[in-house]
Amino acid sequence: MENTEYRRKTAQKTDSSQVTGNLMARESFTLDDPVPKTPTVNNHGFWELPKQDQKNFGLLVLLYFLQGIPMGLAHGSVPFLLKEHLSYGEIGIFSLAGYPYSLKLLWSPIVDAWWSPKVGRRKSWILPIQLISGFGMLILGSVVEDWMSTTGKPGGPTVWNFTGWWFFLVFMCATQDIAVDGWALTLLTPGNVSYASTAQTVGLTAGQFLSYTVFLAFNSKDFANKWFRSEPLETGLLSLGGYLTFWGWAYIFVTLALAVLKKEEKTRNEDGIWDVYKIMWGVLKLKNIQTIIVVHLIAKIGFQANDGVTNLKLLDKGFGKENMALTVLIDFPFEIGLGYYAGKWSQEYTPMKLWCWGFMGRLAAAILAQFTVMIFPAGGVTPWYMLVVIGEHIFSTFTNTIMFVAISAFHARVADPVIGGTYMTLLATVSNLGGTFPKFFVLRLVDYFTEATCYPPTTKVDTTTLKSPLVTKPFSCAMQPDKELCINGGGSCEMLRDGYYIVNIICVIVGVVTFTMYIRPKVMHLQSLPLRAWRLAPGR
């Protein structure tokens, strides 16, 4: 399954100093009135919250949910749909569309500092960004069906142009996320700010689940013909263009309603843009931070072929989008339930020790995934093989969750509370980047190592039924467009060397070597350091 760490945030405890700071940042706060009691964090349930907080919680869930719609498409569904038309290397180019979410720290100080007092600190960004995103989805929805089938082909858009549109949508989502995260601190009353992380988890998870699992299933013609139709058709119940168009209008409607119905409480500026950048630079100069950055940037190389290619390879083998959607659907409740136990274990064991266990588990999951692809039944998907894929999927997701929960706990432990927001965001950004940047190279290498030959048909073929010119001589069909040309021309594309197996083994070997020689000794050392080793020097 696509790595989705970008959507999860650590649910940290909010201490009284943070709560008080949020209260004092409001323009309505004054010392001319009787000194208010320092607010404390409430531990009561959701239904015991004030009505206003319940409404604002719902608003946050809605805003995060909208972010999850294009994110679920860009990171989940679209790569699967593209696999029918593009090579692994071209899908690697498309993976660059996810970079903005891993780099949003670079412009987050700008979003925090530049705004219009007339509109509101957060609405100044949320309103225009959601409108632009909505119109962007309407435009993309009107052409995406043609682009999906012609991208990278003569007369069609290049894969870079197609990626550029999704890069733009993800950039908008990442920028909106910065603004919504900031608004959550003042939208809820000080003692209930901890519910902001819950709203984010619920909203983003629901949006991505809808755009990944649900959309992928209803976009599949086989799923629709099997469960909803008496007469089979060549299309699914939902098209990508129609789905984008619907949510484009939904974005616009919600934005207009937000502009009219929701008033934002005025707040004062905190640190300026350059103040935040100076803090970030100071943190980056810490030796231990430099070490953990190196660890983050190399730690996920061992799992990249499994995370980025295994599911695509299963589709290539004939697993089917409807079966993939069902696998992810079944995996989802397991991810939630097993995540609970991962969180529980993070309280019983030291975070980086648990993280190392998860690391070794993910390496084992990568080997198990390769074995699962290798034993794909010649006659197609069978019930026992479906169970094998689901089991492999659950195990891979579980080890991923263990690593995420453990590293989040470690980040929360070492972050300087004086600059906690900047510190945590910096660490999370580097962690996400470590899982994003290798994917492009890994997918390109799969194409590089793959060798396949298209052979002409051995029997007479009715050329009137072919979609491409008749294959008359052998040629390479390692790349997806050449494979389509071969099959449509009546030929047979025989795989001589599958680059996925080679790249996955290389990744696992790199993972084992780096983990043994560098990563494990370094993270265990970092965990043993006192907290003062992670703090900025006074006056810096």
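The count begins at 1 with the first shown residue.
Cβ coordinates are placed from backbone N, Cα and C, and glycine is handled just like the others.
Between the stretches 86-103, 320-337, 410-427, TrEMBL puts its transmembrane segment entry on 86-103. Same-chain residues lying 6 or more positions outside the transmembrane segment (164-189) and placing a CB less than 8 Å from one of its CB atoms are 22, 25-26, 39, 50, 52-53, 56-57, 59-60, 63-64, 66-67, 70-71, 73-74, 78, 94, 96-101, 103-104, 107-108, 111-112, 121-123, 125-126, 129-130, 132-133, 136-137, 140, 195-196, 199-200, 264-265, 267. Here the transmembrane segment (201-220) lies next to the transmembrane segment (57-74) in space: the count of CB pairs under 8 Å, restricted to residues six or more apart, reaches at least 3. Simply put, out of 57-74, 240-261, 354-378, 384-406, 354-378 has the most Cβ pairs sitting under 8 Å from the transmembrane segment (499-519).
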